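S.K.: Below are the structure tokens for one structure; questions will follow.
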Amino acid sequence: MASERVELAKHCSSRNWSKAIRVLDSLLAKQCSILDICNRAFCYNQLELHKHAIKDCDKALQLDSSAIQAYLLKGRALLALGRKQEAVVVFEQGYNIALQQTADVKQLLELDELLNTTRREIDVVTVNHHHATETTRKEAPVGSCATEESDEKIDNHDTAVSESGACSNGNTHESSSRGLGEQSKINSVFKESGGASNGLAYKEKENVKSGSQINGSSSRPCNGSDLHHDLSETSDRLGDLSVIGNKLSHKSGSISKLSLKTEARCGVSDETKINKKSTIARISETHSISVDFRLSRGIAQVNEGNYMKAISIFDKVLKEEPTYPEALIGRGTAYAFQRELENAIDDFTKAIQANPAAGEAWKRRGQARAALGEFAEAVEDLTRALELEPKSPDILHERGIINFRSKDFTAAVKDLSICLKQETDNKSAYTYLGLAFASLGEYTKAEEAHLKSIQLDSNYLEAWLHLAQFYQELADHSKALECIDQVLQVDNRVWKAYHLRGLVFQGLGEHRKAIQELSIGLSIESSIECLYLRGSCHHAVGEYREAVKDYDATVDVELDAVEKFVLQCLAFYQKELALYTASKVSSEFFCFDIDGDIDPMFKEYWCKRLHPKDVCEKVYRQPPLRESLKKGKLKKQDLAITKPKANLLRFTDLIGKKIQYHCPGFLPNRRQHRMAGLAVLEIAQKISKAWRIEWRNSNKGTAKNGKKNRRRERINMLSQNRGGAGCSTSSSSETSTGYASLEDRSSGRSMLSWQEVYSPAVRWRQISEPCDPVVWVNKLSEEFNSGFGSHTPMVLGQAKVIRYFPNYERTLNLAKTIIKEKLCVRSKADKVIDLSKDDKIEEIMRAETCEELHKIVGEDFWVATWCHSTASEGKRLEGTRITCIKKPGSLGYDFAIRTPCTPARWSDFDEEMTSAWEALCNAYCGESYGSTDLDALETVRDAILRMTYYWYNFMPLARGTAVTGFVVLLGLLLAANMEFTESIPKGLQIDWEAILSVEPGSFVGSVKSWLYPSLKINTSWRDHPEVSSAFSTTGSVVAALSSYSD
């Protein structure tokens, strides 16, 4: 201990403050002393690491609120940062305590002088700047603590460094060295689709330019020539690392110019700069450049963005002292900014080996590891840094953000909450706390945290963007758009605001508005997100030339993050589909047949978002756009919305709105509403025509033969569905049958298959949002045999999926009920796991979460629901699979429903759907045909619901089963002259009602309670023109979906 005190005295005498800090670190690691904490704060101030000094002072004051020296040091640090009002408060607190103690008159007088001086400076802010700086010079230099008379006292056994006397006199230079990081912050961008937290997370884009406005406050211009003279708060530059995906970079503009915070760069008086300039000049002339000064030059080069120059300077220092920790940290930071992350980690590691107590090295290595996606290792490093600096709000903040990015939302909430107890004004921490709460399903707390961040800074763009995304995910589009407006009022050059607004408009079905917003965003920055989304919007509204151009540009973008590669994959697939659709614009809409015309491998890779390499090599590519447009030349009259068409659209829009789920996460999409309305009417017209022919044939006494013909047709359908690669031909009757041919079939029979009933709804869903992979699963011939199907998560790790989590408790209870009956579950490898012993069933029935259930079972598992067959009495069909899979570490569990469609399962449900469709036809085409008596049509309604029940449990589409099922339900009701006039009840998702019911009767009973009272007889729908005639071509359908009267 004594030797370390001697070493400390030596370093302080030679003004080697960085080495002095290292000695103090070692002393404090052994014994926490208020005196040593203050000594270290003094050294930090000498290195102009004022925020570090403030933290040490706060730590000292936590231990002893009457530590006068801590008030002095903290006040001086605040003055150096230009935070004079805060400095006054601190000096006043210290002065009042000094008055009570009156033990040290010198400190009392010093506080009094500082307090009066600072107050005067505040009072003369509006006076001539030169006069203000002269006053500052005469009264007391800010941040240098230099006096004419040295009053430094250093005792070998108990060193005390006095703020007022430990600097230099007129004959020596003051050190202008700085350390490497006041406050490192890691910010991230987050979007998951298909679960997302889902999400899209935004980072504020800061434009820090000379004389520009930053968050609404103007900064005094400071040019680059000041860089070597204005050396305040370097750590803000080096500390502000940003991790975007797997890229480590600095916040835009925040490092290349020494001005992340206005007061840090321009808050030092001109006189102070002059003094520093002359001091540096003297050193250069005498060639006596200290190590600390070299470090400071290296840091300045990093801040200018001259990373190679910085590395060269640090190399020289390290050549003399290869294990000098500060130089290693500095060079490592420069490497990190050049994205040489491995080299950066190597340097930080060496710094740690040289000085295991170097918290900054642990912290920076954690940042670099996070940038590489090594989140677990990053958290370990930051945890070690936190041990060296307990409860450090900076480190807690950083670790909280990394925990958020690694999807450990519970840990993120804990870290950020502790951080905010100490730094109640940390707006970034509040923002990420809001993101973490939202992921955990704590939506009220999430909103409060976001609003608190904005309350702290109403111009904080990142907070507004995150809040906008939060509201968008909740499907509160009005509030989302209001937040985006706030962003653009602060800075109308934030491209991410236009991208987010484009996402909202696309979600609302306003694709043309989305294109306008995205085009503005792209005029600011050519981002892959805007390019891809604009391409998909052009695609949807039939602007195929522009769509192909944007898709090509998306594929050509040089990526800065690995996770964006999926957009390039999707752009490849969607370009092919755009070319295919362009070639069909003048063809009859029923000829638009993705399932029949597109190669099964292409569809499989598209659904799975796989790399298109194999597709490029093995699958037929669409012809170029010029050929596609020639093949599908559109006539102007196809795009015209005539008065009869407009009347038709008004009627179908009213019907289409009935499909809306009134649940969190479901935006009201007018394009989808129009799609649904047109599909409902088309199906009603098609089914009505088929039933009329069936009824006529029944009256001729041919019902028996008709039934045999239907069964024969079903057998033919089954053989086509099981045709492997051959099933992808466009001649399959279920996907290409023309409606006009219904009455021309052999023997006058007109009976449709159940797939022909649903195919129009599927086709409309495919064309309405062409970027959604809505395809029949049995047309994925290769994957069909391995059981590819839908996957709907309720919980993803720790995140609650906003749309589907409301069904979590019911699904969990159903899983427990099934396990109790079967006494077993199945493992990931499809092995039986016996649960009949050791009272496991009793434990399972007591489980309240999927986590508890998984722990009892002991491994990942799934259990299948069942559906009681109506076609074959006593038979059970496999419904959906409830799966529970543990994530690595403490990242939670995936709890989801999966519906694999294997050939055997398809055959079972095909038979069930055929039987249900036949039962419906028999119910309506007998005595009930043409009835306008709701009571007489009850059997028909029940038959429609039973068929819908099996459709939802079947899940025969890769996506879109829910909406197509309800569209067909409404179409069948309308065909029987029954119109649904109300809305689906709030909080209810009809597909989940079917999935969670093992008996069709229970589903029918549940739905009829709200559906039947909302039905009324309507025959006027028959007066409208046929949809298939009014919008006969693919081009006219696209035009109808893309044209609105307002």
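The count begins at 1 with the first shown residue.
Quick reminder: no glycine exception, Cβ is built from N, Cα and C everywhere.
Okay, these came from TrEMBL:
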- 130-233: region 'Disordered' (REGION)
- 291-324: repeat 'TPR' (REPEAT)
- 325-358: repeat 'TPR' (REPEAT)
- 359-392: repeat 'TPR' (REPEAT)
- 427-460: repeat 'TPR' (REPEAT)
- 461-494: repeat 'TPR' (REPEAT)
- 698-742: region 'Disordered' (REGION)
- 728-737: compositional bias 'Low complexity' (COMPBIAS)
- 949-976: transmembrane segment (TRANSMEM)
S.K.: When secondary structure is assigned with DSSP, how many helix, strand and coil residues does the repeat 'TPR' (461-494) contain?
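M.R.: Looking at the repeat 'TPR' (461-494) with DSSP, the answer is 27 helix, 0 strand, 7 coil.
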S.K.: Taking DSSP states H, G and I as helix and E and B as strand, how many residues of the repeat 'TPR' (427-460) are helix, strand and coil?
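M.R.: Summed over the repeat 'TPR' (427-460), the classes give 27 helix, 0 strand, 7 coil.
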S.K.: Would you list the DSSP helix, strand and coil counts for the residues of the repeat 'TPR' (325-358)?
M.R.: 27 helix, 0 strand, 7 coil
S.K.: Kindly report the helix/strand/coil residue split of the repeat 'TPR' (359-392) according to DSSP, in that order.
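M.R.: Counting residues per DSSP class in the repeat 'TPR' (359-392), I get 27 helix, 0 strand, 7 coil.
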S.K.: Going by DSSP assignments with H, G and I as helix and E and B as strand, what are the residue counts for the repeat 'TPR' (291-324)?
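M.R.: Taking the repeat 'TPR' (291-324) as a whole: 28 helix, 0 strand, 6 coil.
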